[in-house]
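Enquirer: Have a look at this one.
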Amino acid sequence: MENQLGVLNALDAAKTQWYHFTAIVIAGMGFFTDAYDLFSISLITKLLGRIYYFDAHSAKPGTLPPRIAAAVNGVAFCGTLAGQLFFGWLGDKLGRKRVYGLTLMLMVICSIASGLSFGKSPHGVMATLCFFRFWLGFGIGGDYPLSATIMSEYANKKTRGAFIAAVFAMQGFGILTGGIVALIVSAAFDHAYKALPYNVDREHSTAPQADYIWRIILMFGAIPALLTYYWRMKMPETARYTALVARNAKQAAADMSKVLQVDLNAEQEKVDKIGIEPSNSFGLFSKEFAKRHGLHLLGTTSTWFLLDIAFYSSNLFQKDIFSAIGWLPKAETMSATHEVYRVAKAQTLIALCGTVPGYWFTVAFIDHIGRFVIQLMGFFFMSVFMFALAIPYQHWKTHNAGFLIMYSLTFFFANFGPNATTFVVPAEIFPARLRSTCHGISAAAGKAGAIVGSFGFLYAAQSTHPDKVDKGYHTGIGVKNALLVLGAVNCLGMLFTLLVPEPKGRSLEEITGENEEDKGQQQASVGNVPV
């Protein structure tokens with residue numbers, strides 16, 4: 001468009017080159033760390049129960065009481081939700097780069113601190129763990145809007161979707177690495193400190209040294225974050241923030257001249273002119289924002305919320321599935337270290353077969369078939385597989401391999417579907433001065449869904465028979481009915497996807513209308529269906 005700044009045109013038209021891959025790695029390593037930190041807790045909760053809630057009179061190993069389990073698993077989600085809102089807003093106020101290093105240092109410090117604990121009493125250890133997991137989540141939360149916004153503002157318009165999706169896809173490697181680290185650490189301890197199964201020797205089935213296993217696994221999360229800190233600080237601020245928000249054309253041109261290795265002119269007059277246009281002056285709580293982007297924000301928040309209910313609650317069924325297909329023997333037939341090894345092995349296989357491939361299918365196809373189609377297709381197949389697992393649920397109890405395949409396919413289509421697109425789209429469809437904030441709001445809605453999925457279904461999926469309920473829980477609706485509810489949630493996700501526009505192949509300013517000269521030209525909000 002003729003009103004577009006030369007520096008932004010240069011970014012939109014740039015051929016894929018080395019700095020794109022550097023940006024993917026720098027932003028992606030943050031996401032690698034996020035996933036490692038968030039998902040590694042599920043590898044060690046059984047071990048924490050054995051160490052700190054051991055009861056010599058019980059025929060089964062110690063387990064975390066329901067409230068403690070909910071706090072340990074979910075406190076990081078609460079921190080993430082708060083961090084997404086706070087750092088999303090701060091990223092638009094102070095700039096993406098200035099806030100970027102802060103979130104990373106918070107993650108490094110809290111990863112290390114969560115592996116250290118005060119006192120030896122169960123309450124002391126759990127309280128410390130929950131405190132630092134909350135602040136770890138707070139730092140992780142900041143990474144969502146900042147990484148997505150930085151990548152969208154650096155990318156060219158032709159491959160922007162693939163670049164943002166590639167950053168998000170590093171989550172898959174983070175989950176995989178968590179499993180591998182747990183395998184190595186538990187195998188090493190199992191070899192060095194032999195312990196008998198719980199039903200043979202209750203007192204000595206948990207070696208005293210096992211306390212180091214969970215600490216090492218959690219603290220390892222600081223390493224990848226620390227390695228990328230220097231490179232994050234060297235990245236220049238994005239041209240879109242510098243030009244369209246900070247209104248400094250000279251700095252934007254100088255920064256991108258170095259990045260793109262071409263001479264770019266500073267167009268201060270044009271920047272000033274764009275800055276006073278009505279399309280660039282409305283705020284988040286204005287009627288103009290509601291008119292232009294209200295439905296878009298409803299679409300991005302609702303779809304992310306619904307997806308995360310289904311995505312995170314699906315993780316709850318892992319222990320049932322692993323036990324049913326024989327991947328996890330009964331807890332009392334294993335020692336503590338061996339149990340960590342078996343849980344890590346099972347989760348690593350699921351990540352390898354369903355989680356990681358799904359992410360990279362999105363990267364490969366997002367700029368060809370578009371965000372809208374991938375999101376709609378993902379929700380559709382997640383619904384199909386949830387219903388296919390739920391309706392003949394009794395059948396699957398005796399056909400474990402089939403259940404595992406269906407379960408893996410649910411994860412595959414979550415990742416080759418809405419789990420990736422809900423991250424990509426909010427970084428593209430909102431104006432530069434509100435982009436990080438709106439992405440943070442959308443992501444926070446997702447984490448609210450994760451909290452509902454993790455806690456609500458933890459209780460809801462309990463058996464309807466009082467004698468089959470996990471210790472400390474009340475009766476629920478059962479796994480079959482829980483799966484039916486999740487299938488319905490995915491159907492709702494398909495419905496709300498219709499509110500989200502298709503940004504494929506267009507410049508960010510064309511999508512948001514930031515370079516329009518008068519209101520007659522506005523087309524940014526047209527089309528709540530794909531173009």
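Here the Cβ of each residue, glycine as well, is placed from N, Cα and C on the backbone.
Curation plays no part in TrEMBL annotations; they are all automatic predictions.
Here TrEMBL flags 521-531 as compositional bias 'Polar residues'. According to TrEMBL, the domain 'Major facilitator superfamily (MFS) profile' annotation covers 23-505. Per TrEMBL, region 'Disordered' is recorded for 511-531. Summarising the annotation, TrEMBL assigns transmembrane segment to 21-48, 68-87, 99-118, 162-189, 212-231, 348-366, 372-391, 403-421, 441-461, 482-500.
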Enquirer: Cβ under 8 Å to the transmembrane segment (482-500), counting only same-chain residues 6 or more beyond its ends: which ones?
Expert: 295-296, 298-300, 302-303, 306-307, 309-310, 313-314, 317, 371-372, 375-376, 379-380, 382-383, 386-387, 389-391, 393, 418, 425, 429, 457, 460-461, 476, 528-529
Enquirer: Under 8 angstroms, Cβ to Cβ: which one of 68-87, 212-231, 348-366, 403-421, 441-461 has the largest number of such pairs with the transmembrane segment (372-391)?
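Expert: The stretch I would name here is 403-421.
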Enquirer: For the transmembrane segment (68-87), find every same-chain residue at least 6 residues outside the stretch whose CB is under 8 Å from a CB in it, and list them.
Expert: 37-38, 41-42, 45, 48-49, 99, 102-103, 122, 126, 129-130, 133-146, 436, 440-441, 443-444, 447-448, 450-451, 454-455, 458
Enquirer: Which one, 99-118, 162-189, 348-366, 403-421, has the most C-beta pairs under 8 Å toward the transmembrane segment (212-231)?
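Expert: The listed stretch sharing the most Cβ pairs with the transmembrane segment (212-231) is 99-118.
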Enquirer: Residues of the same chain, at least six outside the transmembrane segment (348-366), with any C-beta under 8 angstroms of its C-beta?
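Expert: Result: 161-162, 165-166, 168-169, 171-173, 175-176, 179-180, 183, 318, 327, 374, 407-417, 419-421, 424, 504.
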Enquirer: Who are the chain neighbours of the transmembrane segment (99-118) in space, where the CB to CB distance is under 8 Å and they lie at least 6 residues beyond its ends?
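Expert: Residues 30, 33-34, 37, 83, 87, 90-91, 124-125, 127-129, 132-133, 135-136, 138-143, 146, 150, 214-216, 218-222, 225-226, 228-229, 232-233, 235.
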Enquirer: What average pLDDT does the predicted model assign to the domain 'Major facilitator superfamily (MFS) profile' (23-505)?
Expert: 90
